[in-house]
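Visitor: Just dropping this structure here.
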Amino acid sequence: MIQVLLVTICLAVFPYQGSSIILESGNVNDYEVVYPEKVTALPKGAVQQKYEDAMQYEFKVNGEPVVLYLEKNKELFSENYSETHYSLDGREITTYPSVEDHCYYHGRIQNDADSTASISACNGLKGHFKLRGKTYLIEPLKLPNSEAHAVFKYENVEKEDEAPQMCGVTETNWESDLPIKKTSQLNLPLLEKRCIELVMVADHRMYTKYDGDKTEISSKIYEIANNLNVDYRPMKIRVALIGTEIWSTGNLSKVTLSADETLDSFGEWRERDLLKRKSHDNVQLLTGMIFNEKIEGRAYNKSMCDPKRSVGIVRDHRTRPHLVANRMAHGLGHNLGIHHDGDSCSCGANSCIMSATVSNEPSSRFSDCSLNQYSNDIIYNPWTSYCLYNEPSKTDIVSPPVCGNYYLEVGEDCDCGPPANCQNPCCDATTCKLTPGSQCAEGLCCAQCKFIEEGTVCRVAKGDWNDDHCTGQSGDCPWIGYYG
């Protein structure tokens, strides 16, 4: 394992709190001004990286000291990530930029087990973190020769439209004859990890809205993808950005006021064009179009591995990439086959990702209903999940491994997160090695840190699909993948 570089940022609160200001996130009614002072504890003679693998921030929120830990999201990009745009004569231009030293991070607040964070450190600190159940945003103030940042609650951002926005997918309300299990009862870490290799496309209206600035558009896409990884981590789904495409000279599929027509045309373009030149699992269209009937997005249901229907469309909100990410997470949920939440569904927040009415305050949580449906039904459907098993191998991840980030990487036996959060007795959170006497730490064929006996059914058949059985040599349940 590498030595994790610890960087301390002291954020000193400015002598006043602002009452109102226009920021990139919108018009903010109440905010704190802080000045990040970076103090780096590097060994003498060591070379500082441009973007460290791990950082620590110490600052105050409402006078309360907090510690924010950040780790680079090393699973943000797939190994063969590409970017495509078009010349004035319509010629496709595709490049394969180096993305190893990127500036997008996940994190958490110390001593707050419920906290999450998604931060860009490209030009100052920009993103959001959750503290004591409240969502806070941080972003740099655009002042000359100043390191000032604003910190504010999401609820203090003036909303663009107080009217409820709707998801365009209908007839997908959650129903089940099975009792709803609490999240803690699902034992979700034992599910096999899957990977959605995702392409994001920015349409021509979005291109003109950003004044043709392809770099800014790409940065927004990276922020959205970074947020998606946070949302899908509880399901053990990695969302890997495998490509971006910007329709710089005009739309390549029909984009109209009708979300249904736009979705259908986009799916046809994917099957006809994109799939023939770029291997991927799902593609999402970011559009500047404001659809009829206050629809914020549209996606096909139970369509993840379908050549035409594994698509979604989402309206772009220029100032709020975290809001766009929330709505894209909702659409991806439908692609996987997850239904809208019913009245009995809960996630411990005001709204959940699969709520039919899109809240102005985004949620980064799936409800107990969504997690139950995923663990009890969706993972057994080969037609909506088979394409998600070809996750890039551990050796394909180009950045160094970090113990404690929940992802199994080269040199690790297990990774149950930071020591303060790890609840797996089979895994030593400080070394990411198995504890003495343990054979495994997770998997459908792992019980009490030991391999389950050979021949034990680990995945019960659904319909004509055969049972899968443990081998007695691994904690993983082999996917046989055939009908009997």
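Cβ atoms are placed via backbone N, Cα and C, with glycine included.
For reference, Swiss-Prot lists these features for the protein:
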type     : residues      : note
SIGNAL   : 1-20          : signal peptide
CARBOHYD : ASN80         : N-linked glycosylation site
DOMAIN   : 194-392       : domain 'Peptidase M12B'
CARBOHYD : ASN251        : N-linked glycosylation site
CARBOHYD : ASN301        : N-linked glycosylation site
DISULFID : CYS305-CYS387 : disulfide bond
DISULFID : CYS345-CYS369 : disulfide bond
DISULFID : CYS347-CYS352 : disulfide bond
DOMAIN   : 400-484       : domain 'Disintegrin'
DISULFID : CYS403-CYS422 : disulfide bond
DISULFID : CYS414-CYS432 : disulfide bond
DISULFID : CYS416-CYS427 : disulfide bond
DISULFID : CYS426-CYS449 : disulfide bond
DISULFID : CYS440-CYS446 : disulfide bond
DISULFID : CYS445-CYS470 : disulfide bond
DISULFID : CYS458-CYS477 : disulfide bond
Visitor: Should any of the disulfide-bonded residues CYS352, CYS427, CYS432, CYS446 have a Cα within 10 Å of the Cα of CYS403 (disulfide bond), which are they?
Guide: CYS432
Visitor: Could you tell me the C-alpha distance between CYS305 (disulfide bond) and CYS446 (disulfide bond) in angstrom, no decimals?
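Guide: A Cα-Cα distance of 29 Å.
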Visitor: Which residues in the same chain, at least 6 apart in sequence, have a Cβ under 8 Å from the Cβ of CYS427 (disulfide bond)?
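Guide: Sequence-distant Cβ neighbours: ASP413, CYS414, ASP415, CYS416, LYS433, LEU434, THR435, SER438, ALA441, GLU442.
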Visitor: Can you work out the mean pLDDT of the predicted model over the domain 'Disintegrin' (400-484)?
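Guide: Mean pLDDT, the domain 'Disintegrin' (400-484): 83.
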Visitor: Could you tell me which of these disulfide-bonded residues, CYS387, CYS445, has the fewest other Cβ atoms within 10 Å of its Cβ?
Guide: CYS387
Visitor: Write down the Cα-Cα distance for CYS458 (disulfide bond) and ASN80 (N-linked glycosylation site), rounded and given in Å.
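Guide: ASN80 (N-linked glycosylation site) to CYS458 (disulfide bond), Cα-Cα distance: 33 Å.
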Visitor: At the level of the C-alpha atoms, what whole-angstrom distance separates CYS458 (disulfide bond) and CYS470 (disulfide bond)?
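Guide: Between the alpha carbons of CYS458 (disulfide bond) and CYS470 (disulfide bond) there are 6 Å.
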Visitor: Report the same-chain neighbours of CYS470 (disulfide bond): residues 6+ apart in sequence with Cβ closer than 8 Å to its Cβ, ordered by sequence.
Guide: LEU444, CYS445, PHE451, ILE452, GLU453, GLU454, GLY455, THR456, VAL457, CYS458, CYS477
Visitor: Measuring Cα to Cα, how many Å separate CYS369 (disulfide bond) from CYS347 (disulfide bond)?
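Guide: Roughly 9 Å, rounded to the nearest whole number.
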